[in-house]
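What follows is a single structure, written as structure tokens, with notes after it.
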Amino acid sequence: MEAIKGSDVNVPDAVFAWMLDGRGGVKPLENTDVIDEAHPCWLHLNYVHHDSAQWLATTPLLPNNVRDALAGESTRPRVSRFGEGTLITLRCINGSTDERPDQLVAMRVYMDGRLIVSTRQRKVLALDDVVSDLEEGTGPTDCGGWLVDVCDALTDHSSEFIEQLHDKIIDLEDNLLDQQIPPRGFLALLRKQLIVMRRYMAPQRDVYARLASERLPWMSDDQRRRMQDIADRLGRGLDEIDACIARTGVMADEIAQVMQENLARRTYTMSLMAMVFLPSTFLTGLFGVNLGGIPGGGWQFGFSIFCILLVVLIGGVALWLYRSKWL
């Protein structure tokens, strides 16, 4: 591969443009730098910025099909070969506090042995781990190592999010055992997050597996083995997602059953109350007709005796219900 001049990839509004020093560190890219396989360049762009969009549309360093892919609409994770270069689309967890985590962030990467061009619109938090390692001098030394570290960081964030969802499901199951129903929409959001994760992480696992099996010239055998380990780890996370989705289905049925039982219990209670007070209601209505005068209306103890009879009647009905095991 021919060397690239630093001025050819130095975009003014880039998120950052760095050169890997081959020892685990980076330095800012300068126009006089020479980019080759020993000192590759990482150019990270926000494709909605004007200068970045113009560079993506005009640079001769990228194949025509790659230009549109790096600045196009979000797609599912995939990997495509373009001659000596490789286009990779990945998804990562959105950890921003003002947005929902199920809205995964897309990151697109085109790379060969000399150049790494990554684009995004929303911030990719998983890249902070790789950036931190590079700034400390403990990061990747070449393009293959960079890709493995990025995929590892993305998988770490995905695994943490899956674990958080799993913990929520455990808490929800414990609450259901205590007959505590979650707030309206809680289970639906949890299930949606799991389904969205399943939708994007399954093809991303396939991307990792393909990168591990492809004989890319800028990846060593050790890096391919690490990539396969990452694919296997994400596969275990997908198994956990499948189990969680099944458990949410069971919990939805359990919640419906608990709500039905609560409704039946309340209806039963109201029916018993109506049965207890039905005789007393009949008597008070009968005495209140007042067609032939109220019985005992002229006796000073008439009302007291009537109240005592009502209490005895209600007690008798309640006792009968109790002995009949309705109460």
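In case you wondered, yes, glycine gets a Cβ from its N, Cα and C as well.
Keep in mind that what you see is a predicted model, and the values were worked out from it rather than measured.
Taken verbatim from Swiss-Prot:
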type	residues	note
TOPO_DOM	1-273	topological domain 'Cytoplasmic'
TOPO_DOM	295-300	topological domain 'Periplasmic'
TOPO_DOM	322-327	topological domain 'Cytoplasmic'
TRANSMEM	274-294	transmembrane segment
TRANSMEM	301-321	transmembrane segment
Kindly report the helix/strand/coil residue split of the topological domain 'Cytoplasmic' (322-327) according to DSSP, in that order. 2 helix, 0 strand, 4 coil
Who are the long-range neighbours of the topological domain 'Cytoplasmic' (322-327) in its own chain, taking Cβ under 8 Å and residues 6 or more past its ends? 272
